[in-house]
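Report on one structure; see the data block that follows.
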Amino acid sequence: MNIFRLTGDLSHLLAIIILLVKIWKTRSCAGISGKSQLLFALVYTTRYLDLVSTYISAYNTFMKLIFICASYATVYLIYMKFKATYDHNHDTFRVEFLILPSFVLSLLINHDFAVLEILWTFSIYLESVAILPQLFLVSKTGEAESITSHYLFALGSYRGLYLLNWIYRYYAESHYDLIAIVAGVVQTVLYCDFFYLYVTKVLKGKKLQLPA
Amino acid sequence: TSHSQTKDEL
């Protein structure tokens with residue numbers, strides 16, 4: 001554990017909490033892509049299956065359980081409890097275009113052709129693109145609430161901090177995992193346009209609005 | 001192996 005990984009994890013946790021609290025307090029999931037949240041639930045489920053087979057640490061188990069439970073809670077709020085506020089007309093990204101290529105790629109490029117390993121690899125590939133339905137929704141409506149922007153910033157920062165963690169581990173521990181690194185770079189790059197708008201607009205108190 | 005170390009990450 002190093003400072004980059006810890007802040008990355010905390011940033012990830014913060015993002016998930018921001019989203020849950022936002023939906024709960026406003027009793028609305030307007031502006032939130034249910035499809036991205038479904039993909040994240042799929043990502044955590046397929047990645048953390050090792051919960052039942054391998055014990056790593058109390059921290060690890062605790063965080064995995066939080067991520068799984070929070071993602072299902074978010075999906076429940078969007079598709080069940082606050083279904084009436086769900087923006088399904090704008091949430092039209094075709095998720096099969098993300099799920100199927102991620103799955104095929106995980107069959108082709110993995111560390112070991114074993115069920116748990118392929119599901120782990122699939123989750124890494126799918127996570128790298130799982131935010132696309134959300135970014136697509138923001139681009140379709142042309143704007144995002146500030147709280148949604150904070151959520152996206154925290155979620156995007158998490159993988160960026162993991163990249164620093166991997167650079168650190170490469171030098172400090174001679175450890176690296178190309179699958180995670182390449183997917184992490186892709187994931188972080190997808191947020192770059194948003195990061196730019198966040199810094200230039202949201203941090204200056206303006207609403208995130210895309211140029212017409 | 002290298003990838004099992006990455007598994008302790010989230």
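Placement of Cβ uses the backbone N, Cα and C atoms for every residue, glycine included.
Within its own chain, the transmembrane segment (A:62-80) is flanked in space by residues 9, 12-13, 16-17, 19-20, 23-24, 29, 32, 34, 37-38, 40-41, 43-45, 48, 51, 86, which lie at least six positions past its ends and keep a Cβ under 8 Å from the stretch. According to TrEMBL, the feature transmembrane segment maps to A:62-80 (among others).
The transmembrane segment annotation in TrEMBL covers A:92-109 (among others). The list of residues near the transmembrane segment (A:92-109) in space but at least 6 beyond its ends in sequence, with Cβ under 8 angstroms from a Cβ of it, reads 33, 35, 38-39, 42, 118-119, 121-122, 124-126, 129-130, 132-133, 136-137, 140, 179.
Marked as transmembrane segment by TrEMBL: A:115-138 (among others).
The transmembrane segment annotation in TrEMBL covers A:150-172 (among others). Within its own chain, the transmembrane segment (A:150-172) has Cβ neighbours under 8 Å at 2, 4-5, 7-9, 11-12, 14-15, 18-19, 22, 128, 131, 134-135, 138, 144, 180-181, 184-185, 187-188, 191, 194-195, 198, 202, counting only residues six or more beyond its boundaries.
Per TrEMBL, the feature transmembrane segment maps to A:178-199 (among others).
Sequence-remote contacts of a segment are chain residues at least 6 beyond its ends whose Cβ falls under 8 Å from one of its Cβ atoms, and for the transmembrane segment (A:115-138) they are 31-33, 35-36, 39-40, 42-44, 46-47, 49-50, 53, 87, 90-93, 95, 98-99, 101-103, 105-107, 109, 144, 148, 152, 155-156, 159, 179-180, 183-184, 186-187, 190-191, 194, 208, 210.
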